[in-house]
Every structure is written in structure tokens, then in C-alpha cells.
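What TrEMBL annotates here:
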TRANSMEM  24-50  transmembrane segment
TRANSMEM  56-77  transmembrane segment
TRANSMEM  89-110  transmembrane segment
TRANSMEM  122-145  transmembrane segment
TRANSMEM  152-170  transmembrane segment
TRANSMEM  185-206  transmembrane segment
TRANSMEM  218-242  transmembrane segment
TRANSMEM  262-280  transmembrane segment
Amino acid sequence: NEQPMIIRGTISELPFNKYKRWQWWFLVALSIFFLIVGQSAAVILGRFYYDQGGNSTWMATLVQTIAFPVLLIPFFAIPSSPSEASTSYVPPSIKVIAAIYFVLGIMIAADNMMYSQGLLYLSASTYALICASQLAFNAVFSYFLNSQKFTALIVNSTVVLTLSSSLLAVNEDSDTPSGVPKGKYVVGFLCTLGASALYSLLLSLMQLTFEKVLKKETFSVVLEMQIYTSLVATCASTIGLFASGEWHSLHGEMKGFQKGEVAYVMTLVWTAIAWQFFMIR
């Protein structure tokens, strides 16, 4: 469901700043690799799930966060820097942090559902291109919430990607999955566009939380936020799956999956893992 979590200032404030220049660039390259491979694989597998007979949008939503325990590996594997263990830091109230993580987690679950609805009615390529419009929303929300300045590069990229998405809206027949009526295509377009806007708002709110509440932006703190908000989103998606009644059809869905039951399970498992590869970046 998701676009890159670009949090301003994070890299320079992580424990990575103690590394040599080539090591820093290696970590940046590794992060980009995880981002591209994770998101590409997740979107392709998500489209494959629908093409082969999957139709549960709540299941497609759930797999976007259910593998969040994978994030515990880098969380414990990468040691904290001395600055992270500083005794001068006074953490905010647990109740405040819990409330923030709960709200963000619910927003993530809603955002993932919108992305799932969008991918249901759009091809992977069309879906990915519309998701790229998130850059425009990033610029707007960052300007108002995070005091981010507009630059010529940001404005140029925003205009180009926004126009590309607009052209797709006009050309409804472009690369549309077979059997999807025009009305559903519009629904998929609007859901994906709305999800991109909501995710951009989420990123700005997370950045605001780091600046105003947590007062720091270290590697462990960033991962901690991702883990707890994913936990909330997973719980909300699970409740949605059972409350909607879609869980009743999962057994039949697995039986009717065109590539077989094993392929059905592996598709969901690797989709979940791919999303977490994307999150590790």
C-alpha cells in the first residue's frame, strides 16, 4: 500500500553519521534497494492475488502490515548510538505516545484499505503511476505542517507527476484489467489518489511527532514508531476482516485460486514480507 516514508532529517540524525562517507552511501544504496524491490514485488504480488481469484480487500489490507515483527530484526540488530542513550532526554508520557500511535495506526489501516481497493480495479502499472502523485501531496502537507520550503525541483516533479495522473483519469481504457467496468476504474483511481494523499498526511504527522513530541529522530525511534503503528493497523485490519464477514470466504478463495492452494498461501506470505522489505528502508 504504500509510498516511501521520507522523513526529513532522519538520515543525518541516525547512528549512521558515525560511518565513513563510503559506508554512508552504501547504506543509502541499500535503503533504496529495499524500497524499490519491496514495493515493486508487493504491488506485483498484490495484482497477482486479484488476477488469480483473490477478492478479499480486507486480506489484501491485512498483509500490508501483518509481517511487522520482521522489523524487530534491524531494531535489535543495529545498536543504539551514544546520543540515543543520553540521560538528558526526558521521554513524553506513555499515554500520549500510545494515543498518537493508536491514531496513526488506524489511519494506516484506512490508507491500506484504500490502496487495496485501488489495486483491485487498476493494473499494477497504472496503480504505481497514480501512487507517484504522492509527491505533490508530500510537498503540500510538508509545507503547511513541517515548514518545508518549495524548490524548483519539487515544483517541477510535482507538476509532471500530477499531469501524468490526470491523463490516466481522462483515458479510462488505458491498461485496465479485463472485466473491470469504467465505473470501477474511476473508483480505483479515486481510492488510489485518496490513499496517496492520506499517506502523505501520515508522513507529515509522523515528522511532526518526532519534532514536537518525541523530540528526537534516531533509527530506533523511527523503527519503534513503524512497529507500534503497524501493530495497531494489523489489529484494525483483522477486526475489519472478521466484522465484514470476508473471513468466511477465505477457504473457498484458497480452494479456487487458479495457481493452487500452495500458491495462494505463498502469494500472501511473500506479499507481507515484501511490504516489510519496503518498510526496512
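The backbone N, Cα and C atoms fix where each Cβ goes, glycine too.
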Short question: most Cβ pairs under 8 Å with the transmembrane segment (56-77), which of 24-50, 89-110, 122-145, 185-206, 262-280?
262-280
Which stretch from 122-145, 185-206, 218-242, 262-280 shares the most C-beta pairs under 8 Å with the transmembrane segment (89-110)?
218-242
Restricting to CB pairs under 8 Å, which listed stretch, 122-145, 218-242, 262-280, is in contact most with the transmembrane segment (185-206)?
122-145
Six or more residues out from either end of the transmembrane segment (262-280), which same-chain residues have a Cβ under 8 Å from its Cβ atoms?
1-2, 5, 34-35, 37-39, 41-42, 45-46, 48-49, 52, 54, 59, 63-68, 70-71, 74, 226, 230, 253-254
